[in-house]
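Lifted from Swiss-Prot, the feature list:
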type     : residues : note
ACT_SITE : D11      : active site
ACT_SITE : D130     : active site
Amino acid sequence: MITKRIIPCLDVKEGRVVKGIQFLGLKDAGDPVELAEAYDRESADELVFLDISASHEGRKTMTDVVEQVAAKLAIPFTVGGGINQLSDMKRMLRAGADKVSVNTAAVLRPELITEGADFFGSQCIVAAIDAKYDEDSDCYKVYTHGGRQKTEWEVTAWAKEAVSRGAGEILLTSMDADGEKTGFNHTLTQLVTRAVPVPVIASGGAGSARHMLEAFTIGEADAALAASIFHYKETSIKEVKDYMKKHGVNVR
């Protein structure tokens with residue numbers, strides 16, 4: 001039986017963890033190094049760090065944070081946000097990240113995925129996809145620039161393209177569900193998990209252990225990502241894992 005992963009996500013802005021709803025209304029949620037250490041102790045399977053500061057200063061802060069976290073973390077972690085070229089990937093991996101996540105830059109220039117996969121291997125490259133239902137075209141469209149810009153890409157078409165170029169994993173966020181805590185978008189998750197042969201991390205909407213269970217049993221995801229429910233201690237990783245075991249889902 002495949003082992004499912006529980007992954008806390010740290011959205012980092014100006015050196016602090018923040019959380020919003022549908023990518024808006026950001027509130028402070030703590031210190032990234034302290035939170036990372038706590039999640040490591042709680043037996044999280046991995047961590048995802050997303051740098052949502054758009055400035056050059058944000059890049060430097062994030063490199064510092066990654067180095068500090070890497071010094072204390074035993075579990076794998078992925079870093080994304082502002083990774084626009086091979087040199088950005090090198091910097092984050094040198095700082096201690098295990099994987100890098102690419103989003104906007106990869107949609108604008110898909111060769112970035114190929115370059116990263118050729119240089120570091122597919123296991124290091126995560127394609128992060130922000131998707132939202134589009135009524136006009138009756139499909140899920142890919143968004144870039146922190147969810148501000150709609151693209152022409154339909155979500156499964158872009159997921160397949162990213163994987164064909166060497167992405168070893170997909171981090172799929174439902175923009176409609178993000179921060180709402182009403183459950184993952186299983187329709188979207190299942191569409192993508194069935195379209196690609198690589199692991200898919202479901203993101204956006206986790207409000208309870210049951211929601212995370214459903215990401216596996218209904219959405220068919222390989223991993224479930226959550227932020228605010230862990231940051232604000234509404235539940236713990238141990239409680240979520242105990243719930244999974246009770247319902248027959250294999251977790252570490």
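Every residue gets a Cβ built from N, Cα and C, even glycine.
Other Cβ atoms within 10 Å of the Cβ of D130 (active site), summed over all protein chains shown, number 27. Rounded to a whole number, the C-alpha distance linking D11 (active site) with D130 (active site) is 14 angstrom. Secondary structure at D130 (active site), taken from DSSP and collapsed to helix, strand or coil, is strand.
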